[in-house]
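**Student:** One structure coming up, written as structure tokens, with questions to follow.
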Amino acid sequence: MTTAARPTFEPARGGRGKGEGDLSQLSKQYSSRDLPSHTKIKYRQTTQDAPEEVRNRDFRRELEERERAAARDKNRDRPTREHTTSSSVSKKPRLDQIPAANLDADDPLTDEEDEDFEEESDDDDTAALLAELEKIKKERAEEQARKEQEQKAEEERIRMENILSGNPLLNLTGPSQPQANFKVKRRWDDDVVFKNCAKGIDDQKKDKRFVNDTLRSEFHKKFMEKYIK
């Protein structure tokens, strides 16, 4: 049963605990991670390539020993391979041991002919692959040249269209088409309120007057007449 609910007859008082004789002194608390952990230097052991040990080693002798061990392992595996090869060769029937009834003109008589035939077939395959590769390269080069030519023709067409459409003297239409309109269009801000305010009153027309009110200005009236009414 818990004793958390029981009353405390002796409550804790400041300055009565351990190390709390002076209340003006701040309490200090340290964590285990704040304490120094590595207080001793670790040295290399005899098998960890210490400098003295490296100086005393004879690397050349160790290398020669490893090479001799590798040669011994290689020679140990060689008799087994030679025995396997000799047994496989001995299994092949000799030409003089084959009866005459089993001989056929289509059957290969020696392994050299088989090797020559395989080499010729390999050469033929290589030549065919090289020819196919050259064909593919040629087709790709032709396709690239065709695309470049089409791109140049398109760029030339666009350039000529820009030249003809940009020059009004060369852009004259025929008799069947409507005549070109060379009239200069007015700007959208020709009739705004605060345009050319720095000019004198004499430069302006007599029938126009300045009104510092956007609702009673001529521009607002024209706008309402044109778009609202």
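Here the Cβ of each residue, glycine as well, is placed from N, Cα and C on the backbone.
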**Student:** Write down the residue from Lys18, Lys147 that Swiss-Prot flags as N6-acetyllysine.
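**Tutor:** Swiss-Prot annotates N6-acetyllysine at Lys18; the rest carry no such entry.
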**Student:** Report which of Thr39, Thr46, Thr110 appears in Swiss-Prot with the annotation phosphothreonine.
**Tutor:** Thr110
**Student:** May I ask for the residues of the chain that lie six or more residues beyond the compositional bias 'Basic and acidic residues' (52-84) and have a Cβ under 8 Å from a Cβ within it?
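**Tutor:** 46.
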**Student:** Count the residues of the compositional bias 'Basic and acidic residues' (52-84) that DSSP assigns to helix (H, G, I), to strand (E, B) and to coil, and report the three numbers in that order.
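**Tutor:** Helix (H, G, I), strand (E, B), coil: 31 helix, 0 strand, 2 coil.
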**Student:** Among all protein chains shown, how many Cβ atoms are found within 10 Å of the Cβ of Thr2 (N-acetylthreonine), not counting that one?
**Tutor:** 5
**Student:** Measuring Cα to Cα, how many angstrom lie between Thr47 (phosphothreonine) and Ser121 (phosphoserine)?
**Tutor:** 59
